[in-house]
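Here is what Swiss-Prot says about this protein:
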DOMAIN    9-338  domain 'Kinesin motor'
BINDING   88, 89, 90, 91, 92, 93, 94, 95  ATP binding site
COILED    352-1003  coiled coil
REGION    498-520  region 'Disordered'
COMPBIAS  507-520  compositional bias 'Polar residues'
REGION    717-744  region 'Disordered'
COMPBIAS  719-738  compositional bias 'Basic and acidic residues'
REGION    1004-1225  region 'Globular'
REGION    1006-1047  region 'Disordered'
């Protein structure tokens, strides 16, 4: 383990799976071989790869785990990170090796993969370490289409929140990923099952359960020692199941599957680039493209980082996957060069504490060594020294001084704010002055000619006023000129800055914006100040009014008290007077009764009047006092209202002042920021000025150097002119030598490039042939499997084996009736031959695809001259190939156009032939119906002839009538037959023309000609059959023939009826027609020796004549005497125009087509008629005949020929007819 840690080389394992049933059924062979006892695998015959471990197909899962994976798991408890990585093409067994489809029900299954075995081993090791505390967390994610998906999250909504972060201490971290605490193996397996159920899986042509994403199952382990909390470790275990690399040609992926495959291959390509960058020894410390893919980003620690890594390269042994297997082995071989640097992962705080403790111990040891091995007692009880006290005092004084300075700074800030307010006020006054100045300028527009006015004005006072106005105008003009000069100076300064710094526009915009902001601030301040002044005035007025009213109230208080006293006295006096009045009224009323008291009552009356007057006066005074009191109350209300308004105005003034201060503070901050910017701009301007000076100095230096160089150039120009001639001569000589050398180099480079191109083209052709051979072997394997199944089930062998083939023996075997065993043996032999060819081609491709040759291909080009020659040659070859390709494309297009035209013509001819065939068949049916009616009529006449009960006296007369009728009828029929013969001759000629056209069309379309020979019914699918490909349709059948019927063309159908002859078969069974492609109207048309009964002349018991189509040198049926007699007899019959009717009773069974009357001779005829009716119920259309192969025609024509023979064999009988339906009924 120590050596492994020092080297830091990840372990590489190659595991080979056995052939799957699909590969076995396709006939695939093993392309890998393993060296017993050595970790070596051999591809083909001589290409060997060596790894740390190699497992052949017979090795079980347990051995793989114990040998390669278990050591990594034990290192996890020591604080090391570990990664187990499965890589390979799709369908090579990665998920099987990793256990990606494991469930709890497979606990004791020997095929259990790496992940469940790791879980078991982890918890087993955990139970053995009782002095440690463990915390285990698991997470499960997949990378699907470059998106990270959390497989332990119930909803996929959190997947968008997952991100990858890099911690300098902990390495790669995944933020937002679900981590679950697990305490037992059962909990961990349940998390694994949940993730496996959520993983993306789909079916492809290579694998029914193909993983469509990269899956990473991570187990985090935190362990702490129980008796030492500072001793802790943190480690991670990544179990990675990569999706397999795939080719769209083999997987047949489309749509989403194709997109998934593209993303999978992209991620694996990035992984390969990372492995290549890490494995190149000459580029140590170079850039590693971890960030090109999320897969490589997550595996950054596992590849070249802090981790022990195990890569399991899964390969397929089938020779059909040889190229992918070779790429996988090379991939794993590159990964062997990666060197990781694993370290023990400890808690950083605990590590820091341990480091500090070690440092303290070291310092204590040093102190002990300095004091002679003992620590002095004064170290623990030593008080703070005087130096420390002085420092503390100094620190205290500095803090006090800092506080003073802070207070002074705050006061200075306040004063600054006041100064800013004064500046604002001053600016406002300045703005007012400017406004007045503008007004004066407006008034000064209409300037008067003061000099003329002075001359015309005589009044002294007016002259003085005009003089004052003129002085004011002079002052105004001077002020304007000064302002203009100041503006010009500012403009010049701005222009100078623009020339120096190149930022005049920006400065002007900034200055303009600053001036606008300042003006707006000043206007706001002025407006608020004006509002404040008005508010203060109104407040002062209201305060004065309130004060005045309060003073009046204070003065009214003694008067009010006096008035109240007077009111009370007056009220008392009024009440007394009222009482007195009442008494006087009572006394007066009493006095009226007493006459003696008249004078007294008079006095009392007067007194009463006086009292009433006093009472009225007192009431008036009371009313006035009441009015004064009401006035005081209203005054108090007014005072309270004024006080309320004063308070509101004070609040408003406070708010306004606060707003002014805030605005002033904002302006101060803005001003401070602008001052900083101005300082920065000035600093930048100084730098630019310095750079400008530096550039000027450099320019002067360059100018001086340029002058010196110009002088030197002028001096050297003369020398150059003298040397030009020599240079031209040398250049001409060098050019001649280069041309001579270029010819040899061009020839060498051309031959080398031609050889390389030929090798590459041969390699590609070999690959193409290899693919064809693999496909051919697959088809052969399928056919072999079908034959074996049929042999087991006892079925008959197929009539033809449809397959691709490269040998002529296959064509011959397709037409032969082989037994199943022979066919199986031949297929096995062919498969062995194909396998040998495949192995040979694959070995040659392995030799041709040598990686060193590809790298050293361009080493032969070492100079620019050779490169130019190579480019010139390649460019010429490219142009010539493009021109040739263009010619071939135009030729192909023309051929396609011609082919389409010929196909159209062929379709038209077929349509015409179909129409003609339908028409001929209709005519044939009509003729046959007529013939059957005649036969029935003759039979009925024959039965009547034999029937008893007829009188002798009536027989002669009736017989004469019948003979006359027969003669008439025969003459009519002869006329009809002559017409039919003429039509047949015309149709035969037309048929010959159509055949010639059909032949021309087939030759023009490049199709093979159909052989006009009888095809065996056991092999109707001959490879020389009709060539134009058509979809196979359901064959239209007619009534079953009892014997194989030969094919018949149109000439045979409409040939002369006399060629068929008589048949000796009692049941009218038609015999086979002789083979031939062309038949004449008379005589036989045999191709052979005319030795059997298939010869038409031999059937009629006549010899062959010169009109026959048979070969006279081979014919055995040529008898001149017999032949001439037959011909003369035929001519005699034709010249008479009628036939001699024989007595039906004298006809023997051997010389007629009918049996005697007592036998039922019409059953065969009726059956044939019924079959013909069934045949006519299915008429063939032009469209169906276009897609029908020649097999249907071969099946129909013999039946038609049979009917034609039946028609031609009865031309000597003519009679009335009876409907067929009656006879059938």
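Indices start at 1 and increase along the chain as displayed.
The backbone N, Cα and C atoms fix where each Cβ goes, glycine too.
Known features from Swiss-Prot, placed on the structure.
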{"residue": "88", "record": "ATP binding site", "Cβ within 10 Å": "27"}
{"residue": "89", "record": "ATP binding site", "Cβ within 10 Å": "24"}
{"residue": "90", "record": "ATP binding site", "Cβ within 10 Å": "25"}
{"residue": "91", "record": "ATP binding site", "Cβ within 10 Å": "27"}
{"residue": "92", "record": "ATP binding site", "Cβ within 10 Å": "28"}
{"residue": "93", "record": "ATP binding site", "Cβ within 10 Å": "22"}
{"residue": "94", "record": "ATP binding site", "Cβ within 10 Å": "26"}
{"residue": "95", "record": "ATP binding site", "Cβ within 10 Å": "26"}
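In the compositional bias 'Basic and acidic residues' (719-738), helix, strand and coil residues by DSSP number 20 helix, 0 strand, 0 coil. Note on the domain 'Kinesin motor' (9-338): mean pLDDT across this stretch is 82. In the three-state DSSP scheme, residue 90 (ATP binding site) falls into the coil class.
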